[in-house]
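Shown next, in structure tokens, is the structure this report addresses.
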């Protein structure tokens, strides 16, 4: 009888140890190696909105210098949006109405993931925040702040930083 209790206790201790180890591995897997937020985003580089995961902070937050071409107007259909990388900065560009072009930093205001274009919205793949492509305003959280606007103007077929 005493031996049966020892085995039961031993099994309980082993299972408890395995549970703690498993929980530690799961939580460690969620934590970033660099002490950042633990989120990964997408960075298209091609303007298509799909791409390889990217860690927060991997994109510059500084807007491109004034006069820098950031995209061709013909690349952004009316009512659509694209993602571009200019000088290390991930940007989102939308053309809500013909000739009306807006741009925003692609850095999510929640935990700095790279936000992807999705026609009339921008979507954060990390936690599901959605932004209005015309205004950068939050449509659905957890993000609470809008995307940072980037001043742009249209010069012929070029969209340039203002």
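Glycine is no exception: its Cβ is also placed from the backbone N, Cα and C atoms.
Of the given residue ranges 36-67, 68-99, TrEMBL assigns the label region 'Disordered' to 36-67. Assigned with DSSP, the residues of the domain 'Rieske' (68-161) fall into helix, strand and coil as follows: 3 helix, 49 strand, 42 coil.
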